[in-house]
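Residues or ranges marked as active site by TrEMBL: Lys11, Asp136. The feature ATP binding site is assigned by TrEMBL to Pro94, Ile95, Ala96, Gly97, Gly98, Met99, Gly100, Gly101, Gly102, Ser103, Ser104. The feature domain 'GHMP kinase N-terminal' is assigned by TrEMBL to 66-141. Residues or ranges marked as domain 'GHMP kinase C-terminal' by TrEMBL: 207-271.
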Amino acid sequence: MKQVTLISPSKINLFLEVLGRRDDGYHEICSIAVLTELSDTITLERRTSGITIWAKNPKVPSGPDNLCYRAADLLLRHSGTHGGVSIRIEKQIPIAGGMGGGSSNAAATLWGLNLLYDLGWPREELIGLGSVLGSDVPLFFCREAAFVRGRGERVEELAALTPRWLVIANPGIEILTASVYRRLRLPLTSDKTGVTMRVLFESGQEEAALSHCFNRLEDVVLEAYPAVANLKQRLLLLGASPVLVSGSGPTVFGVMREAEMAKRVASSLVESGITAVACRTLDRNPLFLLADH
Ligand code: ATP
């Protein structure tokens, strides 16, 4: 195989609780992550040596700061592979939007290189390497959806919910994840709600689960960033429910009853100058479907 093209999906958090601060400085979280159709495309091509990154979007880092670069470097070194790769990234997922774009791209790079060089690494080992690159990388190896714990790297498989229409909107501001965690007043809480949410999803009580969705990080984000709070309010008024910030934001998503409604709401946001798109949640991880090789 000389070249491989992979679909690198985004995620939304239907539930995110912060359980406490750990001694290593990270926070202990409990979350339910679902994949969405809003995806990047990653094309890997064998090279005799070196790692090169190509992306049209100038905001995507083109050197060792890119998570794809770091993923390729790590896997090539750990597997003792003599060879290199050129990586082409076509971005659709908002950058630094709380949708895990960079982490998803890293997972796609690990998975793709494993195929390209016929390394035969099992998924579990790639997940282990992925967790070194970033807390959100392992969840992008889930088959359907993910129940997430630890600093985000401990992933249990979760059955996907029936595909739902979403409106995903980005107010175009930047939020540093670390600053959100820093400002968070930690509640006295346990992972009980997360476990209940998981049971609701797994037993097919999706409507009940959706009505209990929440994101603890909203306590900080909605107060500190009025643009995000206004966008959430607007989506609620337009009929989306629930409406949540994804991860630490600033992306906001709203669940819509029907495709037509989702498309209409997304168009009306776009007309008023907001980046928005209508898309569905996924019930299978497209990373494992090869587009081309
Ligand atoms: P996080 O919550 O970890 O900050 P995110 O999902 O909000 O992640 P990403 O799109 O992953 O946002 O971007 C976070 C940072 O990672 C950006 O500042 C960007 O410069 C850097 N980055 C590295 N590699 C990539 C990549 N392949 N795609 C997008 N951003 C990348």
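Backbone N, Cα and C define each Cβ position, glycine as well.
In the three-state DSSP assignment, the secondary structure recorded for Gly102 (ATP binding site) is helix. The two recorded residues, Lys11 (active site) and Pro94 (ATP binding site), have Cα atoms 11 Å apart. Checking the recorded positions Lys11, Pro94, Ala96, Gly98, Gly100, Gly102 against ligand 1, the ones whose Cβ sits under 6 Å from it are Ala96, Gly98, Gly100, Gly102. With respect to their backbone Cα atoms, Ala96 (ATP binding site) and Asp136 (active site) stand 13 Å from each other. Using CA atoms as reference points, the binding-site residues Pro94, Gly98, Gly100, Gly102 were checked against Asp136 (active site), and the closest is Gly100. Surrounding the centroid of the Cβ atoms of Pro94, Ile95, Ala96, Gly97, Gly98, Met99, Gly100, Gly101, Gly102, Ser103, Ser104, where the record places ATP, the chain contributes additional residues within 8 Å, namely Ser10, Ile93, Gly247, Thr251. The number of other Cβ atoms within 10 Å of the Cβ belonging to Pro94 (ATP binding site), over all protein chains shown, comes to 21. The average pLDDT for the domain 'GHMP kinase N-terminal' (66-141) in the predicted structure is 96.
For the domain 'GHMP kinase C-terminal' (207-271), residue counts in helix, strand and coil come to 37 helix, 10 strand, 18 coil, using DSSP.
Residue environment of Gly100 (ATP binding site) contains 28 other Cβ atoms, counted within 10 Å of its Cβ in all protein chains. Under the DSSP three-state reduction, Lys11 (active site) is assigned to strand.
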